[in-house]
Amino acid sequence: MVSSGKKYSRKSGKPSVEDQFTRAYDFETEDKKDLSGSEEDVIEGKTAVIEKRRKKRSSAGVVEDMGGEVQNMLEGVGVDINKALLAKRKRLEMYTKASLKTSNQKIEHVWKTQQDQRQKLNQEYSQQFLTLFQQWDLDMQKAEEQEEKILNMFRQQQKILQQSRIVQSQRLKTIKQLYEQFIKSMEELEKNHDNLLTGAQNEFKKEMAMLQKKIMMETQQQEIASVRKSLQSMLF
């Protein structure tokens, strides 16, 4: 015969008393190592009784009053388990607090050590950086002075180059003018030479013509004289 408690639990959708006990028993089995010896003996004794009664009930059947006894016993076991869990929680809290305290002390010590090391390292490198930056500033000042000197020299050289370009431009202009005058003079000279040559050629031609005429006249006179002489010799 099925008990009314079981019917009610199944209809309501809640876990049965046996399921609750089984879950509690499983949970307690996992945590046995952390409990004291007396608590384990109590739980094991009650668990054995419950298991024995469950076997009797499954083999021969149990009346509905047995369900109430089992329920009461399970409630007692649940109270013991809750006490054990509460004690375990308290011990765990104590261990946790002690561990946290120790960890915090270690962390504070490590943090302080690291902070001191960082501060020492920062001071050391800050001094080195400060020295380097000071040297850098001096080098920059020297570089700026050198740059200013170079710029002044460059300006002077640029001014000299500009003046030199002006002088060269003037000289080139003078050379150009002189060259133009030279070309013009050469052209005039060649023109004069051409005129002189033409005049000389004309004069030479005239002289040659006069000379030729003179030679011809002399030749004629000689021929006439020769003819006269020949005639005279023939006549006389």
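Note that Cβ sites are derived from N, Cα and C of the backbone, with glycine treated the same way.
Swiss-Prot assigns the feature region 'Important for oligomerization and fiber formation' to one of the listed ranges (129-134, 231-236), namely 231-236. Ranges compared are 88-91, 192-195, and Swiss-Prot records region 'Interaction with DNA' for 88-91.
DSSP labels the residues of the motif 'Nuclear localization signal' (88-91) in these numbers: 4 helix, 0 strand, 0 coil.
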